[in-house]
Amino acid sequence: MNFWVIQGLNGLAFGSLLFILASGFSLIFGLMRIVNLSHGAYFMLGAYVGISAMAAGASFWTAILIGGIAIGALGAVIERLILRRLTGQPLAQVLVTLGIAFIIADACVWIWTGDPRPVPMPRELAGAFRVHQLAFPIYRLFVIGIAFALAAALWFLLERTRLGAMIRAGVDDLNMARAIGIRTSVLFPVVFCLGSALAGAGGVLAGPILSVYPGLDTDMLPLALVVVILGGVGSLLGAFVGSLIIGFIYSYGQALFPDLAYMILFLPMVLVLTLRPTGLFGRQAI
Amino acid sequence: MRRIGALFSTTFLIGWALVSAAEAAEPLKVGFMTVRSGALAAGGRQMEEGLQLCVDAHKGEMAGRKIQIITADTAGQPAVTKTKAQELVERDGAQILIGPLAAFEALAIDDYIRQTKTPIISPSAAAEDLTQRKPNPWFVRAVGTSAQAHHALGEYAAKELKYKRIVIIADDFAFGHELSAGFQRTFEQNGGKVIQKLWSPLNAAEYGTYITQIDPTADAVFAGFAGGNGIKFLGEYKNYGMQKPVLGAMTTVDEGILKRMGDEALGVISAGWYSAAIDTPANKKFVEAVRKAYNADPGYYTVGAYMACEFLNNALEQVKGDISDKAAFMKALRSVNMPESPYGQVKLDQYGQPILDITIRKVEKKDGKLQNTVIKTYPAVSQFWTYGPDEFLKSPVYSRDWTPAK
C-alpha cells in the first residue's frame, strides 16, 4: 500500500516536471511545426541564469521570473534572426536548432564551468511532509501544484482568449488561418517566445530536484520528445496526459523492473504510435 | 675511392651527430586526453589544472628535456577518445599519453595502445581489469582502482561503525559496480550484510524513486556515485527526510563537488587515497599551490592528473630523459617510487598499480567550508586488499551481480 502511494506521488511529481518542460515544446511544435531541438538547452540555460540571479541576491521566485524572461527574449531573437528565414524547411530547422543547442551547451560550460550546481530551494518549501509512515518532499508537492496551475492557465489562454483562438486556428490549418487574415508573422514570434520562456522558467523550477550540470539538456530533451509524441502533436491535453503517463511509468517502472529503466520509458511510445500514429490526442496533420 | 668513402662517412657522421643533438633538444611530446564538453567536463577541467600545476612546478622541463603537452578533448565518449588517441600519436607525434578520464574510455583505446606500444599513464580511469586480469603492458595508473579504497571502507563499516545491514545505491556503470562489489566483499567478510542493491542509470533524472525504496530496516546507506550525481542524491536524500547515516564512495563527496554542497553532506563517511585535508607537508604544499592557482581545493581529478605527471617526471629521471628504449622506459614507469607525495608514499606493484595509503574521511565543516576530515588511515593498501594477487585474481571480476544482495 505504502509502496503504491509513495511511488504514485513520485510519478506525479516527475510527470509534473515533464509537463513544465514539454508544454512549451508542444506549443512551438504544434503551431510552427518546428521540432525545436534546442528546447532542452533553453531549459538548462534558464536554470543557470536562475542560479546566477540568486547568487546576485534575487529570491527564488524572482529567479524563476528572470530565467523565464531571459530565455523568452533569447527565443524571440533566435526566431527573428534565424528560424524565420527557414520557414517551410523542416530539415534545416532541425539542424539549426540542434546547432544552437550545442552552442548553448558549450557556452554554459564556458560561463558556469563544468561543475554541477545544486539550485537552492526556498527555505519555506524545504524538508518533508509526513503522514504516518509516509514522508514526501514538500517541494515536490509544490511542483505538482505548479504544473496543474500552469495547465489551467495554458488551457485558459488557448480556449478563452483571442490569441488562443488564433493559435488554435494555426495549429488546425495554417494556410486557412493565413487566408482569413491571421498574421502569422506576429503569431510565430509570440508563441516561440512564450514556449522558450516556459522552458527557461521551468529550468529554474526543476533545479532544486534535478540540479544543473552540463548534459542536463540532452538528458531532458528526449523526455520532452517522448511526452509530445505520445500525447499527440499540437495538443496541450496530450502533453499533459502524456507527461503524467510517462511520470508514472518512470516511477513504477524503475521500482518494479529496475533493469529495464530505459526501455520502460520508450516502450509505451512505440505501442501508442503503432496503434495511433498521431499520438493519444493528436489530430491528423493537414 | 677510399678518400671519397672517407669523405662520405665523415659527412654522414657529422650529419648524424647534428641530427641527434637536435633530437635531444627537441621537446618530449606528451598527448593529454581530457574532457572539455559534456557531462564529465568538470572533472576534465580539474585534470587540466592538476597537470598544468605539475608542468609549471617543473618549469616545463623534466630530466633536462622540454615537455610539450598536446591537449585533446575526448568529450567523454569512447569513440571520440579512440580517434583522439590516434590523432595524438600519428599526427602530432605524441610519444607518451596521459589520460583518459573515464574507465570506458580507457577500455576503448586499450587495443590501440597495445598495437602502437605507446606508454600511457591514467590520471583517473579506474577500471579494475586493466591492471588485473587483462594487464596492458603499456598502461600505468596514477590513481587507485575502483575498489581499492572501498575494500577498506567495507571493513571499517563493519568493524568500527558496527553496521550490520546496509543498502547500496550506486551508478549503473562499471565504476559503480566495481566499487560497490569491493565494499560489499569486505563488509560481509566482517559480519555485515548488504540487504539491498539499487542501481540507478548514470543519467538518472532524479533519485526520488530510489530513495523511497530503501529498506527501512537498514542501518546505513552506501552511496556510490560519480560526477555530479552525489550532489543530486544527497540533496534529495535530505528532502525526503531520510535519517539513516550515509557512507559514500570517494567520488560521492569529492572535493570537486563538495564545494557546491550544503549541510546535507555533513557526516558522510567515505574512503579514498586522497583528501585535501591530509595533514602532511607534501600535501599541504600541494593544496596551497592549487588554492593559490585555482581558488579551489584539489580533489580526485586534480590530484590524479598531477600525480600522473609526477609519475612521468620520476620515470624520465630514471632514464635520463631518453625514452627511445620503450621497454626501459616502461620498466622505469613501473618502478616509480615516491617517498613523499600528496598521496603519501607511492610504490607500484608488478601490475603497474600503485600501492596507496587509504584514508577514511568524514565530511565536516571547518572555517565555514566543507572538507573530508581524515579519521583513519590504512597504510600501504594494495589493489588486492589483504587477499594476495593469486587468490584475488581467481575470483570473477567485480560486476553488477557480484555478489547479489541477501
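Each Cβ is built from the backbone N, Cα and C atoms, and glycine gets one as well.
Bear in mind that TrEMBL entries carry predicted annotations, made automatically and left uncurated.
Per TrEMBL, transmembrane segment is recorded for A:12-35, A:47-78, A:90-112, A:138-158, A:186-211, A:223-249, A:256-275.
Tallying C-beta pairs under 8 angstroms between the transmembrane segment (A:223-249) and each of A:12-35, A:47-78, A:90-112, A:186-211, A:256-275 places A:12-35 first. Sequence-distant contacts of the transmembrane segment (A:138-158) (same chain, at least 6 residues past either end, Cβ-Cβ under 8 Å): 9-10, 12-13, 15-17, 19-20, 23, 27, 121, 125-129, 164, 167-168, 198, 205-206, 208-209, 236, 240, 243. Cβ atoms under 8 Å from those of the transmembrane segment (A:256-275) belong to residues 223, 226, 229-230, 245-246, 249-250 of the same chain, restricted to positions at least 6 beyond its ends. The stretch from A:12-35, A:90-112, A:186-211 with the most CB pairs below 8 A to the transmembrane segment (A:47-78) is A:186-211. Counted over residue pairs 6 or more apart, the CB atoms of the transmembrane segment (A:90-112) and the transmembrane segment (A:12-35) come under 8 Å in at least three pairs, which marks the two as touching.
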